[in-house]
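What TrEMBL annotates here:
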| type | residues | note |
| --- | --- | --- |
| ACT_SITE | Glu118 | active site, proton donor |
| ACT_SITE | Asp259 | active site |
| ACT_SITE | Glu352 | active site, proton donor |
| ACT_SITE | Glu373 | active site |
| BINDING | Thr476 | Ca(2+) binding site |
| REGION | 520-543 | region 'Disordered' |
| SIGNAL | 1-21 | signal peptide |
Amino acid sequence: MPFRQLIPLGLLCVLLPLHHGAPGPDGTAPDPAHYRDRVKAMFYHAYDSYLENAFPFDELRPLTCDGHDTWGRYFSLTLIDALDTLLILGNVSEFQRVVEVLQDNVDFDIDVNASVFETNIRVVGGLLSAHLLSKKAGVEVEAGWPCSGPLLRMAEEAARKLLPAFQTPTGMPYGTVNLLHGVNPGETPVTCTAGIGTFIVEFATLSSLTGDPVFEDVARVALMRLWESRSDIGLVGNHIDVLTGKWVAQDAGIGAGVDSYFEYLVKGAILLQDKKLMAMFLEYNKAIRNYTRFDDWYLWVQMYKGTVSMPVFQSLEAYWPGLQSLIGDIDNAMRTFLNYYTVWKQFGGLPEFYNIPQGYTVEKREGYPLRPELIESAMYLYRATGDPTLLELGRDAVESIEKISKVECGFATIKDLRDHKLDNRMESFFLAETVKYLYLLFDPTNFIHNNGSTFDAVITPYGECILGAGGYIFNTEAHPIDPAALHCCRRLKEEQWEVEDLMREFYSLKRNRSRFQKKTVSSGPWEPSAGPETFFSPEKHDQAREKKLAKQKVPLLSCPSQPFTSKLALLGQVFLDSS
């Protein structure tokens, strides 16, 4: 048995000398340049192993040096998931090559049952991000970009394959859909909360770029149905029946099955400047603090009573400090982050479940599949605070992952953190998220961190728009979306609204004139018709126009220290009601 599997990581770190770049006796922080280079080497060891041993399968099996399909045959999922990471690491030539490979090889018109959630965050999100980064990567974009392009069309095709899942009485989607036939007749109607509320970032972006509102519409309906299904004490459960709207699993928390629903309320609010989505999250945040937070840990409770059901920390919950930083709650975020960091130090990774009262792993939940969440939070918080403790987490992550999970063909999932046994899988999120967040933590000048001082002006069929100014919004698979791009393709829609307004005003004047003439010859008082033929109300129309004009003139969320395009996705700014 290898030496690394016999000694717990805590002892291993004591026995091994400090690596060059680690803090010295004087407490100096890890050298970012040193660890940035090591993270880049980690990426290419994993990426090259996938290309050599697993492509075109979805994922690499690093212990047997081969590949297997996981989320959908013929997606080449790891290639899609890793594409924008290539650009963040500066590899434009490989980015360009992979774009051509994906166009030639990926086919969504296949008889495969696919996860609606995973296909959205990994495939749709990955393709949208790559589409918006294509020009920066030196890809020769077609006329009309970013409102058109092959990767955008692929993202739209994949998203349309998911739309049948939303055809339910509640508007909340099924968890699985067949990409060729739609929802199977015997498909279970029980879906997790995150599987319902994690679409607004990708689908609103898609609607803005294509001009088809159906994607954003179904995502918003799903969000609202969850909001309307919360308990009297303001909590949501873990799984719900999408046909009846009844909760099946009533455990409430911030972790697995719920996590990215809360994440997308915040990120959707920032991306769309939507005050209502932010207000919804802030209401949830109050309930979460009142019922689930204990000593800066977050437990699981019964959604109707608030009584503790599971006193555990799940590794997926480690995104929460990063999310807190996005609403400016830095102090609480750091306290919770430090709790989670103590668990990492104990095991050299975050076990899937950690029993808080006992201070140890939960049986059959001892593994660490190289998840990114704690590193993600470190990246956000470091951008907000510059606290060197966050770089130390990055250093520990690099050292742990390399020492425990690095094998000849990539990096293997850690099956058990107690003895460091490995599992034969390298999930695509390792290249999409874990390595990306590590690299960005140690690369303060990366274009992703742009503060608005540089940008690109792009001419589209709808006028000039600004791209690349910063404020990137990461989807829950760490695919960055440029929020400015959502405004590049809207002029046509606004002109259509203006024409519709003029037509309505014309018919309104015509109808009112006709009614006035009738009134003058009538012996009784005139009353407007309330029948179905009255499809237009001047009063309601004026109110709608006022609301639309107010929307255009006053930002729904304002950042007190800088304009929207600067750093909202990364610097933990507070969003204030501008009214």
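Cβ coordinates come from backbone N, Cα and C, glycine included.
All protein chains included, Glu352 (active site, proton donor) registers 21 other Cβ atoms within 10 Å of its own Cβ. For Glu118 (active site, proton donor), the number of other Cβ atoms no farther than 10 Å from its own Cβ, over all displayed protein chains, is 21. When Cβ atoms from all protein chains are considered, those within 10 Å of Glu373 (active site) total 24, not counting its own.
All protein chains shown were included, and the count of other CB atoms within 10 Å of the CB of Asp259 (active site) stands at 25. The Cβ of Thr476 (Ca(2+) binding site) has 25 neighbouring Cβ atoms from other residues within 10 Å, across all protein chains displayed. For the pair formed by Glu373 (active site) and Thr476 (Ca(2+) binding site), distance between Cα atoms is given as 10 Å, rounded to the nearest Å. Ranked by CA distance from Glu352 (active site, proton donor), the recorded positions Glu118, Asp259, Thr476 have Asp259 at the top as the closest.
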